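This report concerns only the one structure given below.
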């Protein structure tokens, strides 16, 4: 798994969901399941406690997607259930009718027997050929469910299962000697999108007192080196915003088709192998996922329209960690890079596009389609601006720490955040009232104010780029000859740092250098991180010489891509309307 005041009595509805949490609260999820690689299906039962939040509750609506349900019981009694109409991106509502009425405050245990379909977008199944080791299959989830308790997971015995939870040991499967059962528990309440499962031929290395790195054996030592700073980052975050409540902090390196840089699953951060640069230079993604242990996982956005509460605060914390470990100029350099990234995003979407609002209206928008750097970088820019307005970083971190304490284990909206900001800085209300809140939250395009940035590190980069720009103007030659000269001087083609390679190949394609076409296609398909794959495919599609080849290559690789990546690249390349 991204304020308007709706004129409803009970609650602000979530436009991305069919469920109605105002009628019923769910907790204590007990999940038992078995991963069947032959059928590419996850089978099992999910039991949870539901508490009626209003009188005479007779039914419950849940979200579902690409799943079969065989049986539903309420307190052990069979219950009727029916699927509603399938929606293009919200999935299908599952309506359960109770065999008896629930009074307000009364609890019932609901148990659902289910099987996922092979095309379920929450799961990605890999054939052995799609893994590093080429011998065993692999499964990971971007999963959906509410607070979680114990989980037994049955898998083929040569594989390892991991979850966003504590590892409670393993045992042979009493029903099948070729399998074993892994046990997990999560005692901290979590929102549904943080329940994650992975099954694969995984090994681990200990890199800190509370951290193991998990990966296929081909990558595990490289990963242990790359992420060695995790404990320093955890300690710094604890110093900034309070104790780490989750116990273990493990890292898991996924196969290359993982669509994101990282995913902050509690106790077990998922990361892309594109972070393995060999020199720890991309570790800010680790700082980001660590920061989510407070902002996102402890204090959570109530709906995806308020996604900036998760991401803006997390980017702010990530950069505060970077500032502590590598210096204040480093923090400002990354902050300025974020502002430029926001400019690029707004240029792509258009500065009147309502999707670029910090708090967008997602009434008829798939949150996967709306996903961009806006909640991250416009959110960060607001917090960085407020830090400077309210008296500097030491004062502002006091607010952030108090905010996390105030709303821990809760889901909130932007209005809750703003009310708390005003109550925390009650002596500075005159300053806060000067902020153009309406533009920050509800206007598209760039923010109404740009924060101040220390330019020391950026100036060195700008000076070097100006030397190249001046040369282009002086010699009056086309840009391509200079890009070719850059290759001679710097040999960028030999660099495998994903962030540098990505920018270099985009420059080559935009300069219409045909020799770069196969290199760009290779990078777009060798890995599936959307940050890289989508812009590379878009640039290739916009280069007339290789549009047809870009489409052909996408169609050939589509089946092995993550479902979300495949859907979005399909839209970018006009294959799906």
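Just so you know, glycine gets a Cβ as well, placed from its N, Cα and C.
What TrEMBL annotates here:
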- 142, 143, 144, 259, 260, 261, 262, 263, 264, 529, 530, 531: peptide binding site (BINDING)
- 288, 292, 311: Zn(2+) binding site (BINDING)
- 289: active site, proton acceptor (ACT_SITE)
- 376: active site, proton donor (ACT_SITE)
- 456-573: domain 'Peptidase M1 leukotriene A4 hydrolase/aminopeptidase C-terminal' (DOMAIN)
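Here the features listed in TrEMBL are placed on the structure.
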| residue | record | Cβ contacts under 8 Å, 6 or more apart |
| --- | --- | --- |
| 260 | peptide binding site | 270, 272, 529, 530, 531 |
| 262 | peptide binding site | 269, 270, 271, 272, 275, 285, 286, 288, 289 |
| 264 | peptide binding site | 194, 289, 292, 293, 296, 297, 314 |
| 311 | Zn(2+) binding site | 296, 375, 376, 379 |
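DSSP assignment over the domain 'Peptidase M1 leukotriene A4 hydrolase/aminopeptidase C-terminal' (456-573) gives 101 helix, 0 strand, 17 coil. Looking at the domain 'Peptidase M1 leukotriene A4 hydrolase/aminopeptidase C-terminal' (456-573) alone, the prediction's average pLDDT is 95. One way to see the shell of the Zn(2+) site is to take the Cβ centroid of 288, 292, 311; the remaining same-chain residues with a Cβ within 8 Å of it are 262, 264, 289, 291, 295, 296, 310, 313, 314, 315, 317, 318, 376.
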